[in-house]
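Participant: So that we are looking at the same thing, I have put the structure below in structure tokens.
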Amino acid sequence: GPAGFYTAQHILKHHGGALVDIYEKLPVPFGLVRFGVAPDHPEVKNVINTFTQTARSERCAYYGNVTVGRDVMVPELQQAYHAVVLSYGAEDSRVLGIPGENLPGVYSARAFVGWYNGLPENRDLKPDLSCETALILGHGNVALDIARILLSPLQLLRKTDITDSSLAALACSKVKRVWLVGRRGPLQVAFTIKELREMINLPGARAVLDPADFTGLENAVKDAPRPRKRLTELMIKTALDKPVEVEEGAAAPRVWGLKFQRSPQEVLPSADGRRARGVRMALTRLEGSGDSAKAIPTGDVEELECGLVLSSIGYRSLPRDPAVPFDSQHGVIPNSSGRVEGVPGLYCSGWVKRGPTGVIITTMNDSFDTAQSVLEDLQRGVLDISPSREGFGVVESILRSRGVRPVSFSDWEKIDAAEVARGKAAGKPREKIVDPAEMLRIIGH
């Protein structure tokens with residue numbers, strides 16, 4: 001993903017003799033740029049061009065279809081390389097920890113995004129979109145992405161690289177109301193103004209914000225940092241805007257809205273107990289102000305009817321190898337500037353280093369920071385480079401002994417060409433292949 005590619009890019013650029021090998025679990029590269037960025041945000045995916053340049057460098061090699069922690073262990077990599085950087089991100093979701101969250105009709109944002117973006121592990125999700133009201137728990141950009149995908153006119157989505165099967169499911173979707181619920185208030189939302197504006201301007205959809213939620217906030221944000229101030233002003237303006245009159249006979253517009261100071265207590269089952277029919281929420285009051293404000297339940301509750309519940313409360317990293325220290329409470333590898341605590345020569349970058357927050361540019365700076373630590377350690381003699389290390393030569397025999405065949409970057413380029421060709425036939429930038437077995441067939445593996 002981005003953390004791995006940016007770390008590699010920085011090392012290759014600032015050290016003329018370094019050789020970098022990149023290992024990836026899937027046959028296809030780019031991680032969340034491919035599987036996390038919304039299909040209707042193609043401009044964000046332009047970083048793939050930079051990553052491709054890095055992978056094509058004669059001092060860089062890509063080995064896909066290799067799971068570190070299963071096909072090859074971290075200590076084995078440490079035997080083969082002078083330095084090892086773990087950049088595997090956050091591959092799990094935070095759980096709500098409430099009754100009913102495992103009912104049919106409840107999905108994690110990560111799985112839902114993976115489904116419409118063609119992440120192989122989520123290709124069989126088959127979310128039930130037969131209800132009219134969806135509830136998204138969370139006030140971040142991922143929550144807005146999901147709301148936008150649920151409510152976007154199909155003709156907009158047809159021109160994107162959204163998967164064929166999710167497009168077919170969205171074409172039959174009955175969802176026409178989407179509520180985004182957060183435990184805290186308007187001053188604590190985590191989404192950014194660009195995403196909010198895009199949602200407000202979505203054709204055929206109307207924003208429903210309660211003016212009462214914004215009383216007195218204009219004064220409260222007077223001295224706030226400019227991004228927070230502009231974001232709050234846009235919400236206030238939207239709340240006060242008069243709804244546009246709908247012409248006689250015109251299709252009723254889809255609606256979406258933000259609900260604040262509500263904390264989910266239970267997903268309520270339908271009468272037969274077989275699926276979700278709503279969410280009971282505790283109303284909260286805020287203690288403290290700004291980003292550190294805490295949501296405290298008031299004792300009052302409210303029920304919201306909905307047949308689809310999407311939990312967008314964050315991703316979390318998992319430990320991949322018992323040899324690597326891991327802080328389960330914070331879901332990160334304990335480190336200092338990317339240097340893994342107590343394990344010289346082992347580093348980490350990206351979400352597994354600092355937690356699942358920030359956009360691609362945040363990850364870029366973070367990865368450059370880790371790469372810099374590697375280069376400094378090299379310069380200061382902390383990394384022992386006197387024994388020559390075989391790198392992939394050693395790993396290749398380990399993988400062969402375990403029946404694992406890696407995928408090269410030129411193999412990926414064949415898969416890429418096949419996807420682009422299929423997309424062209426459908427008038428899309430690409431049609432993603434969602435089955436790893438099919439990817440391997442294309443390259444004759």
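Backbone N, Cα and C define each Cβ position, glycine as well.
Predicted automatically and left uncurated, TrEMBL annotations should be read as such.
Pulled these from TrEMBL:
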BINDING   ALA3, GLU24, LEU32, VAL68, TRP351, GLY358, VAL359, ILE360  FAD binding site
BINDING   HIS139, GLY140, ASN141, VAL142, ARG183, ARG184, GLU195, GLY358  NADP(+) binding site
Participant: Which has the fewest other CB atoms in a 10 Å radius around its CB: HIS139, ARG183, ARG184, the listed binding-site residues?
Facilitator: ARG184
Participant: How many Å separate the two farthest-apart Cα atoms among the FAD-binding residues ALA3, GLU24, LEU32, VAL68, TRP351, GLY358, VAL359, ILE360?
Facilitator: 25
Participant: List nothing but the one residue from GLY140, GLY358 whose Cβ has the fewest other Cβ atoms within 10 Å; the candidates are the binding-site residues.
Facilitator: GLY358
Participant: Using a 10 Å radius around each Cβ and counting other Cβ atoms from all shown chains, which of the binding-site residues VAL142, VAL359, ILE360 yields the largest count?
Facilitator: VAL142
Participant: Round to a whole number and give the Cα-to-Cα distance in Å for the pair ALA3 (FAD binding site) and VAL142 (NADP(+) binding site).
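Facilitator: VAL142 (NADP(+) binding site) has its Cα 19 Å from the Cα of ALA3 (FAD binding site).
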Participant: What span in Å does the NADP(+) site cover, taken as the longest CA to CA distance among HIS139, GLY140, ASN141, VAL142, ARG183, ARG184, GLU195, GLY358?
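Facilitator: Answer in Å: the longest Cα-Cα distance is 20.
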Participant: Using a 10 angstroms cut-off on Cβ to Cβ distances, just flag whichever of GLU24, GLU195 is the loneliest among these binding-site residues.
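Facilitator: Each of the binding-site residues GLU24, GLU195 was scored by Cβ atoms within 10 Å; lowest is GLU195.
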Participant: Whole-number answer please: how many Å between the C-alpha atoms of LEU32 (FAD binding site) and HIS139 (NADP(+) binding site)?
Facilitator: 20
Participant: Nearest to ARG183 (NADP(+) binding site) in three-dimensional space, by Cα, is which of the binding-site residues TRP351, GLY358, VAL359?
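Facilitator: If we rank TRP351, GLY358, VAL359 by Cα distance to ARG183 (NADP(+) binding site), first place goes to GLY358.
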Participant: Whole-number Å distance between the CA of GLY140 (NADP(+) binding site) and the CA of GLU24 (FAD binding site)?
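Facilitator: Each residue's Cα considered, GLY140 (NADP(+) binding site) and GLU24 (FAD binding site) end up 28 Å apart.
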